[in-house]
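Annotation source Swiss-Prot lists active site, tele-phosphohistidine intermediate at His9, citing sequence analysis. Here Swiss-Prot flags Glu87 as active site, proton donor/acceptor, drawing on sequence analysis. Taken from Swiss-Prot, the feature substrate binding site applies to 8-15, 21-22, Arg60, 87-90, Lys98, 114-115, 183-184, supported by sequence analysis. Taken from Swiss-Prot, the feature site 'Transition state stabilizer' applies to His182.
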Amino acid sequence: MRKLVLLRHGQSEWNKENRFTGWTDVDLSVDGVSEAAQAGRILKKNNYTFDAAYTSVLKRAIRTLQIVLYEMDLLWIPVYKSWKLNERHYGALQGLNKDETRDKYGEDQVHLWRRSVEVRPPALEKSDKRYPGNEKKYASLKEEELPVTENLEDTEKRVLQDWRELIAPNIKGGKNIIISAHGNTLRALVKYLDNIPSDGIANLNIPTGTPLVYELDENLEPITRYYLGMDGKIEDDKFPKKV
């Protein structure tokens, strides 16, 4: 049996302000720092250790991972950063308040933009200062790799490239792995691991700063999965069922 730990970053400043974040590189809030430290203490208390870690190139996920590894005395392990583990790109919605956006466009439309597997939010113009091509961290990417908007399917496609090429081979090789990433990045991976249909993933919410543990067989098929608290497993009966 192999264990994989998925961790959504601690609360960010824009989580706190209820704004669409996407690829905007905002930092953790004070509460988010505390959540990350608590996650590290939980993992240490439950005797977890890691051989390598994966994260995005966004500071809220990177900093969460650094805090967790500090709490576990594991700052020395290799950390791999990849833009393919970035949050889903929310296009022109990035920076907007979610409640104000609902008031303007309606609850149903915003729910589709947020939760639909196929529907993309309105796209950014490449002249927009929020376009990722303006950031040095993406200078090595081809123009066609830089999103102006994404749906969950787009996000899943890039996440699974890293999963198949980098992460899964390490797990099969016996490595203990933690992935510190984002709500939609992890929803996309959960959808794949648990073979959840598109209409079953819409209402899945992965909480910030709470370790999600997958126990996998030798073929990386899930045996079980659960959230982890100070006292051990936290079962979640609201988790979508695999088909």
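Numbering starts at 1 and runs along the chain as it is shown here.
A Cβ is built for glycine as well, from the same backbone N, Cα and C atoms used for every other residue.
Quick caveat, the model's predicted, so the values are computed rather than measured.
Arg8 (substrate binding site) is surrounded by 29 other CB atoms, counting those within 10 A of its CB over all protein chains shown. Note on proximity: of the recorded positions Glu87, Arg88, Lys98, His182, Gly183, the one nearest the residue listed as 'active site, tele-phosphohistidine intermediate' is His182, by Cα distance. Shown are the binding-site residues Gly22, Gly183; the one with the most C-beta atoms within 10 angstroms of its own C-beta is Gly22.
The Cβ of Trp14 (substrate binding site) has Phe20, Thr21, Thr24, Val26, Gly95 as same-chain neighbours under 8 Å, each 6 or more residues away in sequence.
Every protein chain shown contributes to the tally, and the Cβ of the residue listed as 'active site, proton donor/acceptor' ends up with 26 other Cβ atoms within 10 Å.
In this structure, the recorded positions under consideration are Arg88, Lys98, His182, and the one with the smallest number of other Cβ atoms within 10 Å of its Cβ is Lys98. Using a 10 Å Cα-Cα cut-off from the residue listed as 'active site, proton donor/acceptor', the recorded positions that qualify among Gln11, Lys98, His182 are His182.
Arg8 (substrate binding site) carries a strand DSSP state (E or B).
When the recorded positions His9, Gln11 are compared by the number of other CB atoms within 10 angstroms of each CB, Gln11 has the fewest.
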